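Engineer: Sharing a structure here in structure tokens format.
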Amino acid sequence: MAGANQACIFCQIVRNSTTTHLLHTDEKVVAFQDIKPAAQRHYQVIPKEHIPTVKDLKRRDEDYSLVSHMLSVGKELLQKDAPQAIHRFGFHQPPFNSVDHLHLHCFALPFAPRWKAIKYKSLGPLGGFIEAETLLEKIRPLPSKV
């Protein structure tokens, strides 16, 4: 795995060197249940490549494609497991991320307990939580000039 970080717990999950049960795996990402769920269903979708945070993503096709794929996997999992629930998807931004490995939070709401919702609020210019669709808009590649 290119760019793996030996100390990163998510890289260890990707390498399958933990007991974490994978809900999904493909050539780009793996998905699993959050160890401390904050909602009825709370999954993480992570890239196999070690990318520290959303701040490391740029306006390029490969980053946009990766985040789009992560979101697609998250939506598919929640649609299968909690089709009637309201779904929410997003990322923590530094310094509010708990693990320095890009990870998409996938929620089937409501938050449980309700106070956990505070961890998943946008703090505007200070960071906090960014919705997946908002991040996609920020990293959407600019049209090439011909």
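The backbone N, Cα and C atoms fix where each Cβ goes, and this holds for glycine too.
All annotation found in TrEMBL is predicted automatically rather than curated by experts.
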Engineer: Looking at 41-45, 81-85, 101-105, 131-135, which one is motif 'Histidine triad motif' according to TrEMBL?
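Structural biologist: Going through 41-45, 81-85, 101-105, 131-135 one by one, TrEMBL gives motif 'Histidine triad motif' for 101-105.
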Engineer: Can you tell me how many other Cβ atoms are located within 10 Å of the Cβ belonging to His105 (active site, tele-AMP-histidine intermediate)?
Structural biologist: 21
